[in-house]
Amino acid sequence: MDKIIIKDLLIQAVIGVNPGERIIKQNIIISVTAYKDLSKCGSSDNVIDTVSYSSLSKSICSYSESSHHYTLEALATGVAKICCLGFGIERVKVLVQKPGAIKLAKWPGVQIERTLDYFKSNSFVEIPSKLINNNKNSNNSNAGNNIVYLAFGSNLGDKFQNILNSFKRLEKQCFIQSTSFMYESSPQYYREQDSFYNCACKVSTDLKPHDLLKFIKQIENDMGRVETFRNGPRVIDIDIIYYNGLIIKTDDLEIPHPLMWERDFVLLPLSDIAPNFIHPTLHITTNRMKLNLPNGGNIHNIPPPPTATTTCNNIIEKVIRIGNLNYNWNDKTFIMGILNVTPDSFVDGGKFNTLEKSIQQATALIEQGADIIDIGGQSTYPGAQQISIEEEINRVVPTIKKIREVLGNDIPLSIDTLHHQVAKEAILAGCNIINDVSGEFRVPIILNHSQPTTQYLQQKQNEQYLNNSNDSNSNSSINTNGEDNNNNNNNNNNNNNNNNNNNNNNNNNDDNDNDNRSKIKQKIDLSSPKIETCTKLGLFRWQIILDPGLGFYKTYEQSIEILQRGKELMGLGFPVLIGPSRKGFIANTIANAEKDKSLPPPSPKSERRLWGTIACCCIGSMWGANIIRIHDIPEIRDAMLISDSVNKPQRRYQIQK
């Protein structure tokens, strides 16, 4: 067992029972000896597995200086609780001394010893602290600007819709500023019930704490919640987690929520929207509490909370609603089949641009294994004719309506468009997913699907094909800075072998901070403000899907880099879609790998591009891509069945023979 010693922290705090001691801060000296097994850190070299001396010291100081204890023992107990529950310390000794207590005493003090198991099994142990707003008649000086974090749960009926309905009712008195992802979690405290849907949201309100509690209880009652037994099933459950930074403890309300620290179904959603919010009594962030969960807050196989009676591990996973159906992102890699109702798309132009043929193809895509159909009415390859918005609507809307008529309402449909007018008409016709950031419709959207306008592509300075003249229909790789790509023509590669700027071995240098810098870094930098804009416009976090836009505004090396480092994009927490299907960067990667540099890149309809697409999809699946957008369903579906069996063994669906 490793020992961590923090000696003689000098702080000033309000402590004591006499009237004068409740006003003037006194010098307090705190020493801590903590015991924790850090062998895992030594073997993994992962700093998450160790204890930050600085963070622990700051938490102790912050807690002690802001709390108003009556006794040294109460303060020592509170410090011990922070060490154990906040930092995973297994055993701790806390010495608290008060030099100015009695003139003739040498430094009267109290020393206690506590364990992590003690606090887990005695969750009722109270940390005495300054109570704010501890009566129903409290006057809040921040009325109208109160920031509140709420947790939601439902496991009866249409669980997803129940939470959405509670949002609508909540908006009568609160403004929803942001939401977490939606999670599905196993029941923890009482196992014999259905799984829960959970999320969290940040709201602003002018309601005082007890008025807000009354309002929330009214929502629960109006939605049909019936009190049965503790931790039993419920139509809707809404808990106040934080209210500003207040500490409130009355007979009917306790803020912060007393058991939030052990609940993954609270901490994971809360960390989506308030990762750095500091718990006002534990004095640690939401992220720190999440990391203190067994398994470090990972979303699979989390051991049950300490106060639960079950020994079964908890499964908690992100879900999304598309149309009337709920999808679990970890079940499989979802396949989006491409349906272009255009005369000039680079792979299938003219094949499905009549209503009869488009319906036949949509039916075939579903039969072949597509989970989503992506419908496009405007080609974006270089040189494509730019059609009017009205013509694009006339191409896609009849197809959408006919698909709904023939195939029903359960098939998710996506509209691939640059124009919000087209997106609006497509949604009204029956689409479920759009590339629209207007927020007018609360449906899932795909962000960063970097499609340049046809006019942009047709500007001569931007026609930077990484293909030969016989491959004019392939997707282009475009450098948005208007600079030459490293490999504009594969036939010239042999002439540039000695040029370091064009050497393919140097293309993955992530330290170059030039105009041609890492596309992954650009995508992450650009995604965050777009995500923030979407949430401010009223979209829920679980409705956002990221697409790095393979092949658009990129050299082929940059598209390869995205495939190499896609896991970094996954680090944003959002589901990710990739669309490598038969694109030009695949052809150029193959051509550059050929010994005979005089060979032209494979054409869009070449089988070699199909094999390249399969490779890209398998790579994306390995780092966690959730959706793949493709033309060739049967071949890639089989590849994904194998890939998912390796990469997603926890999936719950059964592979059909």
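Each position is counted from 1, following the chain as shown.
Cβ coordinates are placed from backbone N, Cα and C, and glycine is handled just like the others.
Annotated Mg(2+) binding site per Swiss-Prot: Asn340, in sequence order. Asn340 (Mg(2+) binding site) falls within a strand when secondary structure is assigned with DSSP.
Annotation source Swiss-Prot lists (7,8-dihydropterin-6-yl)methyl diphosphate binding site at Thr380, Asp416, Asn435, Asp547, Lys583, Arg629, Ile630, His631. Residue environment of Asp547 ((7,8-dihydropterin-6-yl)methyl diphosphate binding site) contains 23 other Cβ atoms, counted within 10 Å of its Cβ in all protein chains.
Annotated compositional bias 'Low complexity' per Swiss-Prot: 467-509, in sequence order.
If you look up Swiss-Prot, you'll see 514-524 marked as compositional bias 'Basic and acidic residues'.
According to Swiss-Prot, the domain 'Pterin-binding' annotation covers 333-641, on the basis of sequence analysis.
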Across all chains shown, how many C-beta atoms besides its own are within 10 angstroms of the C-beta of Lys583 ((7,8-dihydropterin-6-yl)methyl diphosphate binding site)?
26
Mean pLDDT across the domain 'Pterin-binding' (333-641), rounded to an integer, is what?
73
Give the number of CB atoms, excluding that of Asn340 (Mg(2+) binding site) itself, located within 10 Å of its CB.
26
Near Arg629 ((7,8-dihydropterin-6-yl)methyl diphosphate binding site), how many other Cβ atoms are within 10 Å of its Cβ?
23
Distance between Asp416 ((7,8-dihydropterin-6-yl)methyl diphosphate binding site) and Asn340 (Mg(2+) binding site) at the Cα atoms, whole Å?
9
Distance check, please: Cα of His631 ((7,8-dihydropterin-6-yl)methyl diphosphate binding site) against Cα of Asn340 (Mg(2+) binding site), rounded to an integer number of angstrom.
10
